[in-house]
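Undergrad: Would you mind keeping the following structure in view while I ask a few things?
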Amino acid sequence: MKYTEFEIISKYFKRNQKKDVNEIKGIGDDSALIKIPKNNILAISTDTLVEGTHFLKNISPEDLGYKTVAVNLSDLAAMGAEPKWTTLSITMPESNNIWLKKFSSSFFKILNKYNVRLIGGDTNRGSLSITLSMYGLLKKQIALLRSNANIGDLIYVTGTLGESAAGLFLLKKNIFIKNVNIRNYLIKKHLNPIPRVSEGMALRKIANAAIDLSDGLIADLDHILNDSQCGANINLNKIPISKVLIDNFQSQNYLNWALNVGEDYELCFTISKKNIDKLKIIKKKFLVNFTCIGYITPIEQGFNLFDNQKKIIFKKKGFNHFD
């Protein structure tokens with residue numbers, strides 16, 4: 001049995017989620033109505049995921065439902081915003097009830113984990129693509145902007161880098177690894193990234209600039225440098241690489257994955273040296289590591305990578321939709 005557009009919305013996407021006090025009208029009308037609390041501003045992020053470009057054709061509906069939400073949460077995390085609401089638009093070749101049930105179940109599972117409510121959306125027929133808009137709140141004057149880095153700031157990243165790219169290459173069979181547990185771990189890092197929402201909210205009062213690492217460290221950090229009109233010195237030996245990658249792959253592979261491939265969805269942020277003691281206190285609250293990889297310099301000095309004090313020549317590349 002195939003459902004109509006409105007039957008799909010009613011059956012799979014109209015859930016009895018915990019209501020938000022600022023939500024006047026949610027899903028089910030021509031538009032949602034939201035009240036913005038006093039002294040707050042609204043952070044808005046939108047991502048479109050297209051089959052064959054952002055996810056492989058054989059991805060499970062459960063993994064796609066999770067990742068659709070996770071990558072948008074990561075954008076809000078980079079601003080220091082608290083995620084509150086979302087809208088979803090799905091274009092798909094046909095009304096597949098089994099697919100919709102699995103997708104929506106995973107989709108709402110991660111929404112509920114982060115206390116986010118679905119307040120609207122749309123369904124259409126066509127090649128599989130998903131567009132999600134995420135809305136979050138934060139107090140005025142404390143957003144983590146890409147343009148706020150200052151000369152002398154230290155540059156930090158959360159977690160480890162390169163594992164998502166390794167998982168992608170395993171899925172595409174560009175590399176092979178015998179250990180099934182390690183293989184599954186890396187693939188999960190690609191399909192089920194952890195958005196650093198709590199970390200972003202904790203950093204918003206002490207960090208200066210931030211970005212989530214979706215396109216690779218070099219490309220994403222370069223956005224901060226361009227917007228802040230600064231340069232940077234990065235030490236390759238300080239980039240956090242997991243023992244899993246070091247033990248199972250060559251260094252040129254995992255460094256390239258960390259620098260250029262992306263989809264780690266960790267946070268890269270800059271912070272003044274005077275706030276390092278505050279950062280140490282924050283670090284104790286989280287299981288994830290915070291690693292200093294370099295510092296911000298005057299724009300005239302450019303963007304530099306060093307390997308044991310030896311300057312490395314590199315190209316500023318990363319994921320680009322139109323390459």
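Just so you know, glycine gets a Cβ as well, placed from its N, Cα and C.
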Undergrad: Please pick, from D20, D63, D75, the residue that Swiss-Prot records in the Mg(2+) 4 site together with D30, S45.
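TA: It is D75, as the record lists it for that site.
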Undergrad: If you measure from the CA of T46 (Mg(2+) 1 binding site) out to 10 Å, which binding-site residues from the list D30, G121, R146, S214, D215, E263 are inside that radius?
TA: none
Undergrad: Can you check which residue among the binding-site residues D47, D122, D212, D215 has the largest number of Cβ atoms within 10 Å of its own?
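TA: Ranked by Cβ atoms within 10 Å, first place goes to D212.
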Undergrad: Who sits close to H54 (substrate binding site): which same-chain residues at least 6 apart have their Cβ under 8 Å from its Cβ?
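TA: Set apart from H54 (substrate binding site) by at least 6 residues yet with Cβ under 8 Å, we have T48.
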Undergrad: State the count of C-beta atoms found within 10 angstroms of the C-beta of D30 (Mg(2+) 4 binding site), not counting that atom itself.
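TA: The answer is 6 other Cβ atoms.
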Undergrad: What number of additional C-beta atoms lies within 10 angstroms of the C-beta atom of D75 (Mg(2+) 4 binding site)?
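TA: For D75 (Mg(2+) 4 binding site), the 10 Å Cβ neighbour count is 23.
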